[in-house]
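The structure appears right after this line, and notes come after that.
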Amino acid sequence: MPSRKFADGEVVRGRWPGSSLYYEVEILSHDSTSQLYTVKYKDGTELELKENDIKPLTSFRQRKGGSTSSSPSRRRGSRSRSRSRSPGRPPKSARRSASASHQADIKEARREVEVKLTPLILKPFGNSISRYNGEPEHIERNDAPHKNTQEKFSLSQESSYIATQYSLRPRREEVKLKEIDSKEEKYVAKELAVRTFEVTPIRAKDLEFGGVPGVFLIMFGLPVFLFLLLLMCKQKDPSLLNFPPPLPALYELWETRVFGVYLLWFLIQVLFYLLPIGKVVEGTPLIDGRRLKYRLNGFYAFILTSAVIGTSLFQGVEFHYVYSHFLQFALAATVFCVVLSVYLYMRSLKAPRNDLSPASSGNAVYDFFIGRELNPRIGTFDLKYFCELRPGLIGWVVINLVMLLAEMKIQDRAVPSLAMILVNSFQLLYVVDALWNEEALLTTMDIIHDGFGFMLAFGDLVWVPFIYSFQAFYLVSHPNEVSWPMASLIIVLKLCGYVIFRGANSQKNAFRKNPSDPKLAHLKTIHTSTGKNLLVSGWWGFVRHPNYLGDLIMALAWSLPCGFNHILPYFYIIYFTMLLVHREARDEYHCKKKYGVAWEKYCQRVPYRIFPYIY
């Protein structure tokens, strides 16, 4: 491993991302794995820079000269006087010839062009990729924090040094920029264009989920695992001793009629999404500064879906068909997901760079899985946002209702079992809460960081409706009688989880909307270099992810009504724990990168991640 060049606390000059300008910075730390330095600018901004974007102060001081020390206004004055000077006056040795004067004018013009490119101090945001809006292709950029492999163009050291005379923030005494006539602009642009460039090798982006081999196994393994779980659950004895279950022929799993019903369901939800009801809000800023608009009508879609389902039941529609063809519906959803993922990847190949996800890598297999385009839209129809809460989440509730009716029919019950009522009620509350607080989805990692590919498509359209309804599906074939005292304890556990989950999310969302709200004045915070504050009290001073803790408690509560005869009903809580621990690790990585020292202070104040005194 190469040794570091600069020590902690050393004062050097670092390149500002998106420009060729160097400013005085202090070395805070060095990551030996990524070979990146965390530096602090004079205004408090903390960034990660590569070693070749940092230079010692001595390399600049050696280039000092009289010509660079004069003020811009005086340079402009001397330039003006050189044109009006009498031709008969004998020039002094220090005076310039006409040719030298012209070259100096060009140099001055180039300097002024560089000043115009002085970067603004922008607040970073989660879905930033690598470029500022309107940045020229020929200016060298420092994109180390984003780790994107790209060609980088290099200006001369002289231009870089001149740029260091301008501070990070504009001051009153700084000279106003003056216009450059079109002839000089063309000359400068031409001269800059012919400069040679060098390709700087950048360390490959860290890939999640085990990289390309990992996502390849996930894409093929998850559908297989899903069908094995459903087949195991349908067995009379679903114990692990009877694994693997008997496998049906492939032709038995495919029915065109089932696929048609699934398409009809999807299109109905599209229709509800497009209805002009519900308020319109803006999402988080994109790389180019745009804020996409989203219509919040998920709860209205749920009400309309309930009306359609109720009317269908009243008209005598047989919903037992869904239960008897449950595996076929799972296969239809999987096929639809694969087709959608192929479409998403193909359209992303033509998407502008600013529309790509920061999680994309350039590898076709990995990008097909993680999603290459951040917010794929057809007009105003946002595919990712729609799939996150509509077909799968509302479909989960419909499947639970189907299982409740199937239990009554198969077990010849006049009313559903208490266990089935608990499972349906708990999960109905969870879905309604998500739809009612739909706006909170816009700040999640799924929306602001991950692209829309196979991972989210399969998770939203297949995994959620067919795995999250697993407890209800299990109770149809494996009834479990729950006593009222036991039911009371389970209800209390569920309510505790919901209070933690909703309280933490509501506190976070309220603080994001209005940090100066008097109702939140009692909360303690840590200020960050991005201008935002981190909550270190309330729910977020208890553990770093109290919403995850509440989520897991609720997941346990809706598994307990299934009893303890088999481990299958507890697959969800096991899987969900692994999912949230992994997601917490992803959150930790991105927050540490974004907030730097402030995040480390927060971790010291709040040492436990999800489970207090455990993890």
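For all residues, glycine too, the Cβ spot is worked out from N, Cα and C.
Lifted from Swiss-Prot, the feature list:
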- 1-62: domain 'Tudor' (DOMAIN)
- Lys55: N6-acetyllysine (MOD_RES)
- Ser59: phosphoserine (MOD_RES)
- Ser67: phosphoserine (MOD_RES)
- Ser71: phosphoserine (MOD_RES)
- Ser86: phosphoserine (MOD_RES)
- Ser97: phosphoserine (MOD_RES)
- Ser99: phosphoserine (MOD_RES)
- Ser128: phosphoserine (MOD_RES)
- Lys594: N6-acetyllysine (MOD_RES)
- Lys601: N6-acetyllysine (MOD_RES)
- 52-109: region 'Disordered' (REGION)
- 212-232: transmembrane segment (TRANSMEM)
- 258-278: transmembrane segment (TRANSMEM)
- 299-319: transmembrane segment (TRANSMEM)
- 326-346: transmembrane segment (TRANSMEM)
- 386-406: transmembrane segment (TRANSMEM)
- 447-467: transmembrane segment (TRANSMEM)
- 481-501: transmembrane segment (TRANSMEM)
- 561-581: transmembrane segment (TRANSMEM)
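Taking the features listed in Swiss-Prot, we show where each one sits on the structure.
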residue: Lys55; record: N6-acetyllysine; Cβ within 10 Å: 19
residue: Ser59; record: phosphoserine; Cβ within 10 Å: 14
residue: Lys594; record: N6-acetyllysine; Cβ within 10 Å: 19
residue: Lys601; record: N6-acetyllysine; Cβ within 10 Å: 16
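Secondary structure from DSSP puts Lys55 (N6-acetyllysine) in a beta strand.
Ranked by the number of CB pairs under 8 Å to the transmembrane segment (326-346), the listed stretches 212-232, 386-406, 447-467, 481-501, 561-581 are led by 447-467. Residues 268-269, 272-273, 275, 277-278, 390, 394, 397-398, 401-402, 405, 431-432, 435-436, 438 of the same chain, all 6+ positions outside the transmembrane segment (299-319), place their C-beta atoms under 8 angstroms from a C-beta of that stretch. Taken residue by residue, the domain 'Tudor' (1-62) breaks down under DSSP into 7 helix, 28 strand, 27 coil. Looking only at the modified residues Lys55, Ser59, Lys594, the one with its C-alpha closest to Lys601 (N6-acetyllysine) is Lys594. Long-range contacts of the transmembrane segment (258-278) within the same chain: residues 295-301, 304-305, 308, 325, 328-329, 331-333, 335-336, 381, 386, 390-391, 394-395, each at least 6 residues beyond the stretch ends and with a Cβ under 8 Å from a Cβ of the stretch. Same-chain residues lying 6+ beyond the ends of the transmembrane segment (386-406) with a Cβ under 8 Å from its Cβ atoms: 265-266, 269-270, 272-273, 298, 301-302, 305, 309, 319-320, 322-323, 416, 420-421, 423-424, 427-428, 431, 434-435, 438, 441, 446-447, 452, 456-457, 459-466, 468-469, 472-473, 475-476. Counting same-chain residues at least six beyond the ends of the transmembrane segment (447-467), those with a Cβ under 8 angstroms from any Cβ of the stretch are 125-127, 215, 218-219, 222-223, 226, 229-230, 283-284, 326, 329-330, 333-334, 336-338, 340-341, 344-345, 348, 356-360, 367-376, 383-385, 387-388, 391-393, 395-396, 399, 441, 571-572, 575, 590.
In this structure, the C-alpha atom of Lys55 (N6-acetyllysine) lies 24 angstrom from that of Lys594 (N6-acetyllysine). DSSP classifies Lys594 (N6-acetyllysine) as helix under the three-state reduction. The two recorded residues Lys594 (N6-acetyllysine) and Ser59 (phosphoserine) have their Cα atoms spaced 30 Å from each other.
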